Amino acid sequence: MKALAKLERAPGLTLTDVKKPEVGHNDVMIRITRTAICGTDIHIWKWDDWAQKTIPVPMHVGHEYVGEIVEMGQEVRGFAIGDRVSGEGHITCGFCRNCRAGRRHLCRNTVGVGVNREGAFAEYLVIPAFNAFKIPPEISDDLAAIFDPFGNATHTALSFNLVGEDVLITGAGPIGIMAVAIAKHVGARNVVITDVNDYRLELARKMGATRAVNVSRESLRDVMADLHMTEGFDVGLEMSGVPSAFTSMLEAMNHGGKIALLGIPPAQTAIDWTQVIFKGLEIKGIYGREMFETWYKMVAMLQSGLDLSPILTHHFKVDDYQEAFATMLSGESGKVILDWTAA
């Protein structure tokens, strides 16, 4: 089958032929129709330090996808041939304390699809049936293909009550932009997002941001004054991993504020801990999606009017993958979709 693979320890990916995967007793085989390019895939493409330490070579990658079940293991229940599915990219052990307590998103033995094992940038993907998630007919393939990052945004944004709250989002990547739409959808008052990328800040405006702030030109404090915010933000969603962004968030938070951290800062990042302690801030780390509460929340929000269509900015056939990755690397895109139906 055709697949996008890392064949050598160097930048880039190669469209190549690989062996079709085999289906185990508890697995489903999915014929892939759409995939999306993730920031993780960009790290793999660039072959940065993280990728060099993490990604087996050779291996085909990718973990944002939708497709149709074409084969099932003999023990699989609850699915049928022809079901349209996406899937949870974190394969958990099922036996550690957190798994057995129902907190599978906190499994200490997680294996990542397209990171630690063969991925979805291929004509076919095999995953445990437990990880598959049925997609309702009213949700398009393009939207279903981005359920993985949409889930990151949902898990982060819904970590705290947002109704009537003032929310600061630092980092206008696709996940941060989707978090804007989620926060507004569930009833936040002011949703302010910061970045230095004008293209993506404009996308955030289209997704409902109260203010989209280019911090290279505009002061967050001035924006807060314009919005008559006298006490600071109630909730912070840190999506960038940029230390200066986190610092500005800590300074802008109200006492008793709550922060969810999805962005990954450098290992030795220093912050002013007095901001955390004397303000009584609550900080929560976010990894992946809650299984499967986050997935049900995603579907419910889309069915109740959440519009993510502005984030779907570019579409390519898989044969044009190099142009697709170049578009993502340019910084002037939202989500980039690859069509596998012509593969």
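Using the three backbone atoms N, Cα and C, a Cβ is placed for every residue, glycine included.
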Record-annotated NAD(+) site (Swiss-Prot): member among Ile175, Ile182, Ile311 besides Asp195, Arg200, Leu262, Gly263, Ile264, Ile286, Tyr287: Ile175
Around the Cβ of Leu262 (NAD(+) binding site), the count of other Cβ atoms that are within 10 Å: 25
Candidate nearest Leu262 (NAD(+) binding site) in space, where candidates are the binding-site residues Cys38, His63, Cys93, Cys107 and distance is Cα-Cα: Cys38
Intrachain C-beta neighbours of Cys96 (Zn(2+) 2 binding site), sequence separation six or more, cut-off 8 angstroms: Cys107, Arg108, Asn109
Pairwise Cα distance for Asp195 (NAD(+) binding site)/Cys93 (Zn(2+) 2 binding site) [Å, integer]: 37
C-beta crowding around Cys38 (Zn(2+) 1 binding site), within 10 angstroms: 25
Proximal residue to Gly263 (NAD(+) binding site) among recorded positions His43, His63, Glu64, Cys99 (C-alpha distance): His43
